[in-house]
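Noted in TrEMBL for the protein shown:
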{"type": "BINDING", "residues": "GLY16, SER17, GLY18, LYS19, GLY20, THR21, ARG127, VAL136, TYR137, THR200", "note": "GTP binding site"}
{"type": "BINDING", "residues": "SER37, ARG42, GLN63, LEU64, VAL65, GLY90, PHE91, PRO92, ARG93, GLN97, ARG160, ARG171", "note": "AMP binding site"}
{"type": "DOMAIN", "residues": "127-162", "note": "domain 'Adenylate kinase active site lid'"}
{"type": "REGION", "residues": "36-65", "note": "region 'NMPbind'"}
{"type": "REGION", "residues": "126-163", "note": "region 'LID'"}
Amino acid sequence: MSLHKIFRVIIMGPPGSGKGTVSARIIKSFLLKHISSGDILRANINAKTELGLLMKSCIDQGQLVPDDVISRLILKDLRALENSSWLLDGFPRTVSQAEALEDAYSVDSVLNLNVPFQTIKERLTSRWTHLPSGRVYNIDFNPPKVPGLDDVTGEPLVQRDDDSPETVTRRLRSYETQTEPVLEFYRCKGVLQTFSGTETNKIWPHVEAFLHKKFPSIQQGVA
Ligand SMILES: Nc1nc2c(ncn2[C@@H]2O[C@H](COP(=O)(O)OP(=O)(O)O)[C@@H](O)[C@H]2O)c(=O)[nH]1
Ligand SMILES: Nc1ncnc2c1ncn2[C@@H]1O[C@H](COP(=O)(O)OP(=O)(O)O)[C@@H](O)[C@H]1O
């Protein structure tokens with residue numbers, strides 16, 4: 001049995017609301033393992049796995065992949081982290097996924113990034129991604145040190161196929177119809193914490209203060 005309490009945290013928000021950016025900041029300060037459903041799917045596409053090839057057209061069209069596929073994939077990864085605290089990013093995105101997760105684990109906190117759709121549309125057309133790590137950059141907000149290259153590895157950055165304006169509109173629509181009900185699911189359980197704004201640098205101090213207060217024992221450097 002682990003001596004430490006395990007904390008299970010989810011980060012939610014529409015596509016482009018800053019989940020990846022805020023997650024990167026969280027794992028710098030807190031001992032949580034970051035699991036991103038989008039990064040896992042893109043790694044499968046990149047490695048041309050059977051699953052990746054099957055899912056690619058769904059993702060490129062801005063549609064969600066089937067619930068059973070993503071739930072199986074994520075729950076398998078979570079089982080490998082049985083004794084660690086985790087931060088889940090991009091899952092669950094439907095009530096059925098939330099129920100599948102709830103059957104296996106109880107969630108301590110859900111961080112909801114509430115960013116207006118207009119702000120998101122502007123951001124995503126200038127998002128650049130380092131696919132192997134999931135690190136994200138933005139031409140205006142956090143440009144890479146050398147244009148077009150990842151700061152850590154020097155490898156090339158790419159623009160995601162699903163970040164075109166038409167596909168972003170479709171993803172926002174699927175967020176409204178399929179993912180917003182998940183917020184209600186967690187609100188009813190009393191674990192939803194919403195952070196609203198248009199700038200990550202203004203939202204972040206509130207997220208950080210909330211986590212410090214709620215989970216003091218998982219700060220980096222705390223035994
Ligand atoms: N202009 C601007 N861009 C931001 C801000 N926060 C994040 N971004 C960028 O917006 C894009 C989407 O952020 P990301 O963290 O990938 O969002 P996710 O899709 O929710 O994981 C990325 O290119 C980020 O670098 C912000 O406050 N202002
Ligand atoms: N939990 C999920 N359920 C269904 N599809 C998912 C899920 N997570 C990711 N995907 C697929 O991968 C795409 C990219 O996901 P992600 O990187 O989390 O996007 P975003 O940056 O838009 O929040 C989604 O548009 C969807 O097609």
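Placed from the backbone N, Cα and C atoms, the Cβ positions cover glycine too.
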Binding-site residues whose CB lies under 6 angstroms from ligand 1, from GLY16, GLY18, SER37, VAL65, ARG127: GLY16, GLY18, ARG127
Conformational class of ARG127 (GTP binding site) under the three-state DSSP mapping: strand
Proximal but sequence-remote residues of the same chain as ARG160 (AMP binding site) (Cβ under 8 Å, at least 6 apart): ARG42, ARG127, THR129
Residue pair VAL65 (AMP binding site), GLY20 (GTP binding site) - Cα distance, angstrom, rounded: 19
Annotated binding-site residues GLY18, ARG93, ARG160, filtered by Cβ under 6 Å to ligand 2: ARG93
Cα-to-Cα gap, GLY16 (GTP binding site) vs ARG93 (AMP binding site), nearest whole Å: 14
The region 'NMPbind' (36-65): DSSP-derived helix, strand, coil residue counts: 21 helix, 1 strand, 8 coil
Binding residues GLY16, SER17, GLY18, LYS19, GLY20, THR21, ARG127, VAL136, TYR137, THR200 (GTP) - maximum C-alpha distance in whole Å: 14
Cα within 10 Å of GLY18 (GTP binding site) - qualifying binding-site residues among SER37, GLN63, PHE91, ARG93: none
Of GLY16, GLY18, GLY20 (the binding-site residues), the residue whose Cβ has the fewest other Cβ atoms within 10 Å: GLY20
Where the record names SER37, ARG42, GLN63, LEU64, VAL65, GLY90, PHE91, PRO92, ARG93, GLN97, ARG160, ARG171 as binding AMP, the maximum Cα to Cα distance in Å: 24
Binding-site residues compared (SER37, GLN63) - the one with the fewest other Cβ atoms within 10 Å: GLN63
